């Protein structure tokens, strides 16, 4: 008796196996990328690289302008604040051409981002006239602590008096980011060379998730300190385009942090698939680097307009006041004899 067995069917769909992608595990070398580039890829790389060069040229021209128009602490802080977008553009372009350098370029960008957050807070104090003028101006004002991104819903927080200790604590909130963020990123680079750290890895047994959590906590604390300071000085600095400057600053922070994290997670989970010679995580970093170059190019152009407009107005006012002083001094010199000897009889 012959018994025929029917094939067992299953409702589970089988995904197609790509043997090429299974072999692509690491980021490719530059020569491997150049071999795979077609005409469209060459044009894309050329356009992105040209945008990077234009961004650097615009920033250098802005630095030259700041050195001519500004002096002292104001010039230093303004240049630091405006340097973040060009630095992120350069590191992204290097990471795009040399995929294996992504960890090192991310480390460099993270250092400048930490400095940006601290320098922007110092710029808010400097725009108010410095530490002494700041404390004198807001001596009778209560500090509002329930602001984003940390305590925006905690309306029960008491309002604090503003004095030198309060200002020190606010500065410490961003200064800790300057110290801890580069240290954590340096640890990540060291662990990456040992194979312990991987971009976008969210497993509980890896060091990646713990470092990312610590970075997220110190980032939120620093942004909270800047938000408190901004809400305090915003009404008195509206004539200095402070809202637009703060928007550009937030734009840089959000894109370089939140956008990068989301795209890296998509690459690790397989949403952004492998396209040889790039594996999924490397392709996600490549897409993020291209977006950052375009976004930071626009940010650099906008910042050039915002910061130059204000200081050009101040320079014109200074020239008008200097002209008035010269006219008054000339009048005093011409009438010096009348002033010293009294009116003369004709």
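Just so you know, glycine gets a Cβ as well, placed from its N, Cα and C.
Curation plays no part in TrEMBL annotations; they are all automatic predictions.
Between the stretches 209-234, 313-338, TrEMBL puts its transmembrane segment entry on 209-234. Looking up the ranges 77-98, 143-164 in TrEMBL, the one annotated as transmembrane segment turns out to be 77-98.
Only sequence-distant pairs (6 or more apart) were considered; of these, fewer than three Cβ pairs between the transmembrane segment (42-65) and the transmembrane segment (246-266) are under 8 A, so the stretches are not in contact.
Stretch with the most C-beta contacts under 8 angstroms to the transmembrane segment (209-234), considering only 77-98, 104-125, 168-189, 246-266: 168-189. The transmembrane segment (286-307) shares the most Cβ pairs under 8 Å with 77-98, out of the stretches 77-98, 104-125, 168-189, 246-266.
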